[in-house]
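Trainee: Dropping a structure here in structure tokens format, bear with me for questions.
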Amino acid sequence: MERRALITGITGQDGSYLAEFLLASGYEVHGIVRRSSTEASERIDHIADQLVLHQADLLDQLSLVRVLEETRPTEIYNLAAQSFVATSWEQPLLTGEVTALGVTRMLEAIRLVDPSIRFYQASSSEMFGRVQEEPQTERTAFWPRSPYGVAKTYGHWITVNYRESFNLFACSGILFNHESPRRGKEFVTRKVTDAAARIKLGKQKTLKLGNLEALRDWGFAGDYVKAMWLMLQQDEPQDYVVGTGIKHSVRDLVLLAFDRVGLDPTEYIEIDPALLRPAEVSTLCGDSSKARAQLGWTPSVNFEQMIAMMVDADLERFAGPYLAEHLLDAGDHVVGTSRSGAWTKATPQRVRDNVSLLQWDIGDPAQPSPQVIEQIRAAAPDWIFHLAALSVPRECGRDTPTEQATAVNIDGTARVLDLAAKLGGNTRVLFISSSHVYAPLTEKSPPLSEDAPLAPRSAYGKTKLEAESLVTAAGSKGLDTITIRAFQHTGPRQSTQMMLPEWADQFASSSTDPIKAYNCDTWIDLTDVRDVVRAYRLLAERGTPGETYNVGSGTCRRTGDILKILQDMAGPNREIEELKPGVHYDPVANIDRLVRTTGWQPDFSLEQTVADTWAYFKGSHPHKGGHVKITIVGTGYVGLVTGTCFAETGNDVICVDIDANKVAMLSRGEIPIYEPGLGEMVERNTQLGRLRFTTDLATACNDADLLYLAVGTPSADDGTADLSNLWAVVEQAAPHIGPKAIVVIKSTVPVGTNAGAASRFKELTGREVDVASNPEFLKEGAAIDDCMKPDRVVVGCRRAEVGEKLRELYAPFLRTEKPFLVMSPESAEMTKYVANAMLATKISFINEMANLCELMAADIDDVRRGIGHDARIGFSFLFPGVGYGGSCFPKDVRALRSMATALGVDPRMLTAVEEVNDNQKCIVTQKLKKHFKDDLAGKTIAVWGLAFKPRTDDIREAPALTLIDQMLAAGARLQVHDPEAAANVKAIYGDKLSYGENPYDALPGADALAVMTEWKEYVHVDLARVAHLMNTPVVFDGRNVYSRARMHEAGFTYYGIGRSPVLPA
């Protein structure tokens, strides 16, 4: 039976954790939100696309009935309440209506719509109030001491009443205090941890509290939602107390939180009588013996761990986001730009919510766009902080700057200065330069002043020095500029390509390998980034125009000593392997000018910076299931991603490929494909020794615990899968695999291949060899997340022990309790084909419906929304376009058809799917021919998008190639662009096509533009510029990137997919 859950209060702390848990358990999850709460959704934004939200209210009986009739849930979790105790005295009537009578309304709706629905009521330890016994159990009498406690008591008893009166499966969970980083700041735990972090960061001076001696039983909310679910899985409905059984005072909470940030709380706590309750609850402590015994529930996070987690989360916010936070704290309005126009994963939600982020790649001479310029002009900035730069040697060069470094660090600075000049007014530009501009040192020297000799040796330093000269020249022409030479700074969110985060990341992995540390005898000036950004703003306010300032700690520390501080915190027994030994000296900042001008002094000690960085990586690093030696055969897309992700969790991975050039490239940390995030991960794990590449299959097999086969299985001429690569590896590997090694087939293979491989291994080795099937479900462009955060892991094997070993391997990827599915090898092999065939079917279906809509004056986008909101259908893969391509869908649909045909089955649906897709790849050609009345000879067609989908350079069976072939055959000239795939297309077509460096380069003289891939670079283009460059403004939108209204306003003739065209009047 399909499991469907409905959660009230889904946007709250408990609701968000419960939604995550239920999604991971395979539920379809619906949530009720009040109209006033639809924007307060930050706790569930990360899973919003997996949820179905409905507007309803516990104050409105009819709205509840309507939602239950629409969703037909199997389980309801009533978490919504006016849940802040202090507010309940100020709003007792509303508290009663929502927290008490709201329960009755929901129970009555269940009774009217479907009495078989299982119901969970979130009751509270506040019902015990003036406690009658210690600890409190399910039998302890209630004595509530607040309107909230009274309302919860009513909700509890009405739940019991409906259970007894109407035989409903209704449970009441009497949960004691449960907290997390998602807790609202009005609650005392979060109030304390947030204040500790803010005081530490200089954002708050004091913390006002009431009764420090109140005792509570505090647990972690993420643990408690599992107890909620377990209650509804029992045979009989009952009520349960859920708590840790351990009491702590508010004073204990304060001491722990402030100790986490290295502060003495007595210097900051103020007792405010106004915060004392009218009727105090002195102590609460739950006895959850019944829940432990009957539900098997136990908490996994203790009080100390939880408070550390909360403080760390409140501290967690590199220089750009930190600076943005600091500016926001000062009340500044902040506008930011980035190359992609998208936030990074580490950017705090507060910055995302309060900073306007614009897309501007300063290394691109065609940017910023006129729209961005206007948006910046409208913001009328007082200060421009220019932080953008390339600094990593791989991008910047070591001795000589790369073209990219010159474009970004030098030319980009010129563009920023030019923009500031155009803004006029009193805009001040603060250019963030670097200590790398100073001459290298051969011995310790006194701190360097801003007037010290400048003679950079590194490519990065050379570009920064040249950029400084541009800033100075702009200042001489009247622009208000300040140059800031930032010395080395670090913090929790810095890239693991940098020293301290790299070490912390190694310690956080559960590998037992020695920590690899470079240049431990280097002397550096290292400052906490939180102090650095504070200096930036002070200089914005108080700095002298045209002046240069050093920002650093002014002290010198040996890197090996910094590593020792981290080692003492993270792993005293972990060995250190020092690489590239030798004494080096980096400049130390003389900060007298900075101090005289601003009064700045660093707040964070080096020890505290190390501690905070360690806490960040310790909390975010995936926990490994066990150190495993893995050999991956095949470094194509699947093999390389899989092997790299296994190495990321601390395993010892060797990837084997017969292409020696490819192996050499990968060993240098370079990857031959485009996949976001993969290059950095390969480089990091290669440097750390966890990921190696070789052509020597025999040696790679000798020690392997797991041998993964990830070789290509392309389509043969008859549509069947060509397994010659796989069988060749079986023949070559068999003599060298160990007696306990498990062979895992990752390649997509026909049903029965696993059995055939096991049989062949037995013939070759004379013994049984475990062969498992573990199909991949990676999406190009999102493969890292798909591998490390899978929807599910499917394993086909014949022995339970094999399944358990693979479960341990995948444990780091399944921390959100996504399902690990064990089945027969045949079922696993079939699962892969059926999954891809189903997705291909959805694509062909929506494309066929789009073509019908176009003939009937309907709009497929409206239709798509109309059906997508049906939970049985959903929105995924319901996007009309020019058909599917790539390495999987076409090959797998053909292979499944061949399998069916071989068994005497006529796969009519699969045949139709393929036929529809083949026709859809020609849809743009058909529209072009119709528009130009079959006369395409000599016409110039611009094509945007060559890859089969965005975020990849894969052009295998891409619809754009079909269009190119057909246009060339018709005598048209083609001007093309793709952010990543152009080189691959050029390798096929050479000079037959013209290739643009940016989208606009493909447009001059074009008679039409065809958009074939929905790269985000094409979405927000300057349409006026597009029209100006083209010979005629005609767009064939194969991905419905643009709205009809926008194209009409811009004066284009426009043809989409499944919608009426926009034609000139």
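Glycine is treated like the rest: Cβ placed from N, Cα and C.
Here TrEMBL flags CYS888 as active site, nucleophile. Residues or ranges marked as NAD(+) binding site in TrEMBL: ASP657, LYS662, THR713, THR748, GLU780, LYS891, ARG956. Look at TrEMBL and you will find PHE777, LEU778, LYS779, GLU780, LYS832, PHE877, LEU878, PHE879, PRO880, GLY881, GLY885, LYS949 tagged as substrate binding site. Here TrEMBL flags 942-1044 as domain 'UDP-glucose/GDP-mannose dehydrogenase C-terminal'.
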Trainee: Return the maximum Cα to Cα distance in Å (whole number) over the record's substrate-binding residues: PHE777, LEU778, LYS779, GLU780, LYS832, PHE877, LEU878, PHE879, PRO880, GLY881, GLY885, LYS949.
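Mentor: Of all Cα pairs among the recorded substrate binders, the widest measures 24 Å.
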Trainee: Can you see whether DSSP assigns ARG956 (NAD(+) binding site) to helix, strand or coil?
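Mentor: DSSP assigns ARG956 (NAD(+) binding site) to coil.
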Trainee: Among the binding-site residues PRO880, GLY885, which residue has the largest number of other Cβ atoms within 10 Å of its own Cβ?
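Mentor: Selected residue: PRO880.
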Trainee: Among the binding-site residues LYS779, LYS832, ARG956, point out the residue whose Cβ has the most other Cβ atoms within 10 Å, with all shown protein chains included in the count.
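Mentor: Max Cβ neighbours within 10 Å, all protein chains included: LYS832.
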Trainee: If you draw a 10 Å sphere on the Cβ of ASP657 (NAD(+) binding site), how many other Cβ atoms land inside?
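Mentor: Result for ASP657 (NAD(+) binding site): 21 neighbouring Cβ atoms inside 10 Å.
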Trainee: Using all protein chains in view, find how many other C-beta atoms are within 10 Å of the C-beta of CYS888 (active site, nucleophile).
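Mentor: I count 26 other Cβ atoms within 10 Å of it.
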Trainee: Which residue counts does DSSP give the domain 'UDP-glucose/GDP-mannose dehydrogenase C-terminal' (942-1044) for helix, strand and coil?
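Mentor: Grouping H, G, I as helix and E, B as strand yields 37 helix, 18 strand, 48 coil.
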Trainee: So which one is it: of the binding-site residues LYS662, LYS891, which has the fewest other Cβ atoms within 10 Å?
Mentor: LYS662
Trainee: Near PHE777 (substrate binding site), which residues of its own chain have a C-beta under 8 A away, given they sit six or more steps off in sequence?
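Mentor: Sequence-distant Cβ neighbours: ASP786, PRO790, ASP791, ARG792, VAL794, LYS832, ALA835.
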Trainee: Which one is it: of the recorded positions ASP657, THR713, CYS888, LYS891, whose Cα lies the shortest distance from the Cα of LYS779 (substrate binding site)?
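Mentor: The smallest Cα gap between LYS779 (substrate binding site) and any of the recorded positions is with CYS888.
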Trainee: For the NAD(+) site as recorded (ASP657, LYS662, THR713, THR748, GLU780, LYS891, ARG956), determine the largest distance between any two Cα atoms, in Å, rounded to the nearest integer.
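Mentor: With ASP657, LYS662, THR713, THR748, GLU780, LYS891, ARG956 as the binding residues for NAD(+), the largest Cα distance is 25 Å.
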Trainee: What does DSSP call LYS832 (substrate binding site) in the simple three-state scheme?
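Mentor: Once the DSSP labels are grouped into three classes, LYS832 (substrate binding site) ends up as helix.
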Trainee: Measure from the Cα of ARG956 (NAD(+) binding site) to the Cα of every one of the recorded positions LEU878, PRO880, GLY885, CYS888, then give the nearest.
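Mentor: Nearest in space to ARG956 (NAD(+) binding site), counting only the recorded positions, is GLY885.
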Trainee: Do you know the mean pLDDT across the domain 'UDP-glucose/GDP-mannose dehydrogenase C-terminal' (942-1044)?
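Mentor: Mean model confidence (pLDDT) across the domain 'UDP-glucose/GDP-mannose dehydrogenase C-terminal' (942-1044) is 95.
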Trainee: Find the one among the recorded positions LEU878, PRO880, GLY885, CYS888 whose C-alpha lies closest to that of ASP657 (NAD(+) binding site).
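Mentor: That would be CYS888, nearest by Cα distance.
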Trainee: Cα distance, GLU780 (NAD(+) binding site) to GLY885 (substrate binding site), nearest Å?
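Mentor: That separation, Cα to Cα, works out to 12 Å.
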Trainee: If you skip the near sequence neighbours and keep only those at least six away, which residues in the chain come within under 8 angstroms of THR748 (NAD(+) binding site), Cβ to Cβ?
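Mentor: Residues satisfying the criterion: THR713, ALA721, PRO775, GLU776, LYS832, TYR833, CYS888, LYS891, ASP892, ALA895.
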